[in-house]
Amino acid sequence: MVTRHRVTVLYNAPEDIGNHMRQNDTHLTVRGGSGVVLQQRWLLERTGSLDKSFTRITWRPRADLARSLSVIENELSAGFSVYSNSSDVPERFITNPVYNSFHSEKFDIEQYLPPEVDLNLSWNPEDFTYDISVEPTQIQIVEYRLLKQGEEFTIARVKDEKLEVGVFFVDASDESDVDIGGIRCNWRMDDGKMERCQKTSLLYKQGHIAYNHSTTTTSLYLNEPIGLHPKIMIDLTDFEERPKCMYLMHLQLPLELFIDKFQSSPLLLFGEDDLELPEYSLRDKAWGSESIFELKAGTMNEVTLHTRYIEPSNNKGDKLEVSFDPEVILACDTGDNKVSRNPFYKKGLGYESLFTDDTTFRHLNSTTLLVPIPRPDTKDYSKIKNGTLLCLLISIIYIFSKVFGNNKKKRSVKRE
């Protein structure tokens with residue numbers, strides 16, 4: 001089986017290509033620098049698969065949220081996410097009309113990747129971002145990484161692989177359209193030698209526009225003091241309503257937090273939203289909940305969350321810090337099919353599949369928020385138990401003294 005392997009390197013300026021690249025008959029080496037991004041894409045054909053469902057697996061390290069994304073990258077949700085439209089719902093997945101989903105902070109790729117994937121990949125979840133699509137006829141694995149100052153990356157064709165490399169710089173771009181230029185190199189299948197590299201250019205419209213490429217961003221924070229009912233504050237006072245656009249907030253909440261749909265009125269809410277059950281009684285049922293809220297421009301928006309009772313611990317501290325990563329997005333219908341022609345973006349499962357194909361997503365903020373939740377300590381169990389029994393005993397004695405003491409006094413009163 002032939003694997004198609006595409007490598008893309010993006011530099012800041014045209015002169016960087018010549019200064020940071022060298023080659024011979026079989027190998028090409030690129031050198032890193034400030035803001036240099038390396039993308040690898042593997043495309044594997046599937047034959048004889050009986051599974052007709054689609055699955056998307058994404059991973060983005062939380063530290064990556066603070067990094068300025070390039071125009072060949074897509075804004076993914078932080079953490080590990082799996083989306084599937086299979087009729088068989090796996091354990092702990094939540095469902096909506098379009099897909100089933102799972103979200104976690106743990107990179108657990110081997111559990112969800114099909115067994116036929118054997119590329120000897122060196123997974124690096126601490127530094128790399130992954131976007132994987134599993135379809136009935138093919139599997140696509142996309143890996144993003146920074147190529148840092150002084151770091152080198154050498155590319156050469158391996159057996160049964162069709163290799164193509166593009167080395168680009170950003171020629172021009174605005175908030176939606178991108179024009180990149182550079183060179184494209186191919187390797188011959190028979191002897192593994194490089195063909196002559198050709199000049200090339202690409203013009204496309206971005207599906208996801210990173211917040212660092214937007215002219216305006218919004219502040220996103222938790223109202224202080226946080227308490228048991230934390231309030232997310234989204235400041236859109238400097239924004240105006242746009243035609244065919246919606247300001248949205250996308251939330252993936254762990255079990256320790258939940259939305260009261262009768263109080264907050266989300267646009268969409270899937271997963272665990274029970275108002276009474278503690279966190280530990282839901283662990284085997286679902287990972288949490290996913291929701292989308294519509295926000296109003298020109299004002300301060302507020303979304304109230306609620307905390308669940310969590311399982312007591314043994315000397316692990318009196319509070320559990322729960323983290324989540326809200327995404328504030330401006331979703332717009334463009335009426336333009338250029339989005340589908342973007343060579344670095346393919347619309348897949350996830351919240352974007354709930355919108356039309358011509359929708360672009362302008363990311364205004366994505367911030368990690370922390371909620372401290374009080375946690376009982378089992379070492380205090382005896383103290384609490386004995387204290388409760390003592391209070392109960394005193395209460396019983398007091399009640400009996402009042403009832404029987406008053407009756408005795410009344411009987412001892414002498415009537416004239």
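Placement of Cβ uses the backbone N, Cα and C atoms for every residue, glycine included.
Sequence annotations record features per position, and here Swiss-Prot assigns topological domain 'Lumenal' to 1-385. The annotation N-linked glycosylation site is assigned in Swiss-Prot to ASN24, ASN85, ASN120, ASN212, ASN365 on the grounds of sequence analysis. The transmembrane segment annotation in Swiss-Prot covers 386-405 and rests on sequence analysis. Summarising the annotation, Swiss-Prot assigns topological domain 'Cytoplasmic' to 406-416.
With all protein chains in the displayed structure included, the most crowded Cβ environment within 10 Å among the glycosylation sites ASN24, ASN85, ASN120, ASN365 is that of ASN365. In three-state terms derived from DSSP, ASN120 (N-linked glycosylation site) belongs to neither a helical nor a strand segment and is classed as coil. For the pair formed by ASN24 (N-linked glycosylation site) and ASN120 (N-linked glycosylation site), distance between Cα atoms is given as 25 Å, rounded to the nearest Å.
Taken residue by residue with DSSP, ASN24 (N-linked glycosylation site) is part of neither helix nor strand, so it is coil. Under the three-state DSSP scheme, ASN85 (N-linked glycosylation site) falls in the coil class.
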